[in-house]
Each structure stands twice: as C-alpha cells, then as structure tokens.
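Annotation comment: TrEMBL describes 588-680 as domain 'DYW'. Per TrEMBL, the feature region 'Disordered' maps to 1-28. Residues or ranges marked as repeat 'PPR' by TrEMBL: 104-138, 205-239, 270-304, 342-372, 373-407, 510-544.
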Amino acid sequence: MNAATTYSPPYHRRHHQHHLPPLPPQSQPTIVSIPTQKSILDLLNSKTATSSLQSLAQIHALVLKTGHFHDHFVSGTLLKYYANPRFHNLDSAIQLFRNVPSPNVFVHNVLIKACLDNGEPRKAVWLYYELIMNDAKPNKFTYPTLLKACGDGGVVGEGKQVHCHVVKLGFAGDGHVKSAGIRMYGYFGMAADARKMLDDEDDDDAVCWNAMIDGYFRCGDVGSAEEVFDEMGESGRRNVGSWNAMVSGLARRGKIEDARNLFDEMPDRDEISWSVVIDGYVKSGFYKEALEVFNTMQSERIRPSKFVLTSVLAACAHLGALDHGRWVHAYVRKEKKSIVMDAVLGTALLDMYAKCGRLDMAWEVFESMKEKEVFSWNAMIKGLAMHGRADDAVELFFEMQRRKFRPNGITFIGVLNACAHSGAVEQALKLFDSMENVYNIEPEVEHYGCLVDCLGRSGRLEEAEELVNSMPIEPNPAVYGSLLGACRIHGNSELGERIGRLLLELEPNNSGRYALLSNIYAKAERWDDVAEVRKLMKERGVKTNPGSSMIELGGCVHEFKMGEGCHPKMKEIYSTLKVMIERLEMEGYVPNTSQVLFNIEEEEKETALQYHSEKLAIAFGFISTKPGETIRVVKNLRVCDDCHSAIKLISRVYGREIVLRDRVRYHHFRDGTCSCKDFW
C-alpha cells in the first residue's frame, strides 16, 4: 500500500456515504414465527398426526413448547387423537387429561367419548362424575355419549341418575339426547321408561322410535322390537333407518334368515342396508351368502363403501375366494380418490391374501401400506405363522419393535403359533418368558394354550401336561384340546384317554372332541372304545361336523362333502378321482387306514378314504383347469394323514402345485413335498 494513500476502514467509509450496505445473508437476524392456534390445530388434524404415536408425540412436544397446551381446544384435540382406538392408548390419554389445567366441558366430553370408543363405558360414567365435581357444566353434547355408555356398561342406577340430570338441566327435548335415552332404557329392558320419553310432541320423530328398536334388540327383547316396528308401520313413521335397525338387530341376535327376508321386503335401501346384511352374514358364518348379496349389490350398480369392502374381504378370507378378493383390491386401487387405504382396509386385504394362500401378495400389501397399526403387524405375523414361516414371523416380531410398535397379547399369540407349527420349542419358551419379564404382558389362557400346543406337537407331552397342571389360571377346553391333539399325533392313548374323557365332560356338545378321542382309540385298534364313544354321542344327541372342502373357480365357490353327489359334474369327478388313485397306486401309494373310525374290512376303509372332500375338490380342479395350473382348496377340518400323503404324491406325479388350507394351517404341496415338512 502506498504511504501517501489514506486507508479508511469500512465504518469510516459508511459514515461518509450516509448509507448502510446490506449485511451478509448469514448475519441477518432471523425472526422466529410462533405457531398460532390455527396452525397447531391444522397440524393435529393432518394425516401426519394420526399416522403413529411417534408423530403425535412430536406435535405434543411442539404444543408444550409453544404454550398452547393451556388452550382447551388444542389440548382436547390432542387428547382425542391420543385416545384413538387404533393406538390402544387410553391409559396414556387419561394421564394426559390429568395434566390439562382446569379442563372444561369440551375436554371432558372428548375423554368420555374416547372411553366409550375404546370399550370402557364404565370409565366414561366415572369421568362424568369428575366433570360434575370439577364444576365444568355438562352440555347437550355430553349426554348422548354418556347415556350410551350407561347402556353399554349395564349401569342401571347411574343411567337413571344421568337421565334425571338431563331433565333438570333442560336437555330432555334435544333429539339426540332423547334418542340416546330411549336406547339406554331399551338396553335395560325398561319398556315403560323408554315409552315415557316418547311424549306427544315427539310422537312422529322416527329417530327416537328407531332408537327404541335398537335398545330392545340390545337387551335381547326381540318381540318388543318387532312390536314397535309394526306400530311404526301402522302409523306411517317408518323410514329406511327403521328397516336398517330391524335387519341389524335380527342379524345380531342370530336370526339371519329373518334379517334377510326383511331386507328383501325393504321398499327402499341405502348403503347402510347393504352393509348391515352383508356384515350380518359374515358374523353369522354365512360367507357364501355374504358374497351373493355383494354380487347383487354390484348388479344394482351401488357403490360399496370401505365398510362393506372390509366385510366382503373377511368373507373372501374364510372361503378362500381369491378371485373375489382380487376384484376388491382392484376396485380399491381404481377408486383411490374416494376410498382411502387406511390401516383397517389394508389389514383386511393382507389378511385375505394370506388366508387365500397368496402370502406373496399379502406381503406386498403390507409393505405398501402407508398407515400401519399394531393389528396390521399382528395380521402379517399370523399369516406367516399359518404358512409355516416361523423364522420370518419371529423376525417380523422384532422388526415391528425396531419400527417403534409395541407388541400386545395378540402379537404373542401369533408368534407362539408360528413356533408351534415349526417345532421351534426353545424359541417359544424364550418368547413366553419375555412376556412378563420384558413386555409387562401377563400371559392369558390363550398364550398357555399356544405353548402347550408347541410342546405337545414336538412330542414333549410330559412337559406339556406339567405346564397345564401348573397354570396360574384355570385351563380352558382349548388348552386340553391342544394336549389331546398332541396325544393323537404321537399315539399316547393313555394320556389321550384321560384328557379326552375330561373334555367330554367339559364340552359334551363338541363333536370334535369325540372325533379326536375316537381317532386315538382307532389308531390303537381299541374298537370297543370307539363304539362306546359313538354310543355316547348318540345318547347325547351330538352331531358330527362333516368334512367339507371348497374350491373357487371363475369367481364361483364350489363346495364338496363326502357322500354328497349333488354337484352337476359329480359323475365326471368320481371317474377322474378313480383314475388318479389307480395311478397313485402304481407309484407306490398305500392308503393309510389307521384313522378310519369303523371296524370294517380294509377294502371298505380304503373306499371311505378315497372320497374325502379334499380329494373330490382336487379332482374337480383337475377337470376344470389347464395342466400345470395351481389348485387351491380350503377345508373346514384338519387334513387327515392319508389325504396329506396322497396329495404330496399327486403334486409330483401330475406336476401340479396344490395349496390346501385346513383348520390349522396352510399346506403348499409341490414336487412330492409339503411346506409343513409333515409337521402339522
């Protein structure tokens, strides 16, 4: 620098120029924007908040940090999402409620409804008393939920007191409150009190009359419900809701045929009408009929809702109706703008694929689900278990924890079953011990049953019996049934007889118990004892559950039963089956007659085995499909030893993959082997 040049520092030059240059970007002060109530609520009501507890916890932290927790609308909304039944998190929600400063009626109402939604109606009633004690005046939104909670919880005295509060506070005239009160009195079977609430002013209010029908059905008074419905017809008060209430109530009470007849008589139907009858069929075990109604619904061009599709998928899962299930999946993809693939629908879809033998598709759905809940993981673990993929099921059990999902009791039933189907006894014992020690889950009778099943299947009968005798809770028939099944597998007739006789006293009308004990006797050639069991069944009027097998082809479900010849292609089926058996015999097949429950000639036993329902279904599959196509069969009972051996040989001789689902698990037959490795 030249000595004659005078250097002016930046601040000196700025002074003479009379203006300030902009600061560099990194030096500019940042203005922190504090979220407003609206932005917090928008965040809470977004899909992000409800996707998982982890996301909700992050928003919770933001609410605390910004001081919005004191805002009752914000804290109440936060509470609502914490108490979502999908999260099984009611206790944490109640703990959050305890930290809300001076909770108002809105916050109380949110938690009262949450208790009801989570199946804790008595807690809802208890919270109402807290509301009164906290001087937070109830409003008209408090009572519809509360009255329903009283009815669901069966608390008659408290229900009457709440009704007195309704009258005292002037809410008796509100339509929603009144219908909830009528429904509650119906739950209690208090017809006079329900009628009293239908004063002249509201005599034409169909909602209240419909509530009375629903209430009568809830308490089991079908006759009174029918009387009210008839009276509504005479006075012209009926609407579509009245018919829906009747159809739904009849279906819930097991009168599914009456429900269907009434459905057919309906002058008008809405989407709820179809949903009610389809769901009624599914819950009553009439799965084919549920699909028939759904097909009719489609022919009438009525768009199914997410709830209808969930019921239809359940029917498909039970029937093994893969084509129907695929149609539902395609429809959901097509209507993705109006039908959201949430955790419930996604889980129903993956469960359907798993139970229809397409574990690959079940996994694909599971992986693609944006929203997963604990029950989604449970369904996938159960699917892997029934397909004999024990290692994968156990790995998924640990993976769900790495993804911050906490296992529950149902998770352990799934993973213990997986161990039972693969003989992984040591793994099962470790998992069972970890329930209390690691996860703070007290084992229930179902978990003990799984462990007994695992030990028994693996031949450790003494340990299984010791476990049953040392259980801290009373063993139920299912636990003894697992032990009896193990005795049949391993030929322990002495222990089997003891357990079997006990079960015949505990469940005198369960035909399966008689069949299992008879199997044990037949295997030991104790024909007099077999005859005695059959005589006892006859004296008690117990009917056997006939074996049936179903196969879906071209969207139609075909059912076969041994000894029935009503199928239009039965002659061709018998002819095909005869040729198949002859070819198997050329390959060394010898019928396993040890489980035929009659002391008859060996040739007659072989004939009886030849016409088992699964063989009939497979023969029909052969004449109805192209060579090389996979045949999928669903059986209602456990596949017998003879059919299992025969189907293995069929898969090798005819080069066919055969997928069979029995009462216990899946069997994938390919090239003469089965995925169960003869352990089922």
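Including glycine, each Cβ sits where the backbone N, Cα and C put it.
Unlike curated entries, TrEMBL annotations are predicted automatically.
Residues 240, 243-244, 247-248, 250-252, 254, 256, 259-260, 263, 311-312, 314-316, 318-319, 321, 324, 331, 335, 557, 559 of the same chain lie 6 or more positions beyond the ends of the repeat 'PPR' (270-304) yet place their CB under 8 Å from a CB of it. Sequence-remote contacts of a segment are chain residues at least 6 beyond its ends whose Cβ falls under 8 Å from one of its Cβ atoms, and for the repeat 'PPR' (104-138) they are 72-73, 75-77, 79-80, 83, 85, 88, 90, 93-94, 97, 145-146, 148-153, 155, 158, 162, 165, 169. For the repeat 'PPR' (342-372), the predicted model reports an average pLDDT of 93.
DSSP assignment over the repeat 'PPR' (342-372) gives 23 helix, 0 strand, 8 coil. Mapped onto DSSP helix, strand and coil, the domain 'DYW' (588-680) counts 34 helix, 16 strand, 43 coil. Shown for the repeat 'PPR' (510-544): DSSP residue counts in helix, strand and coil, namely 27 helix, 0 strand, 8 coil.
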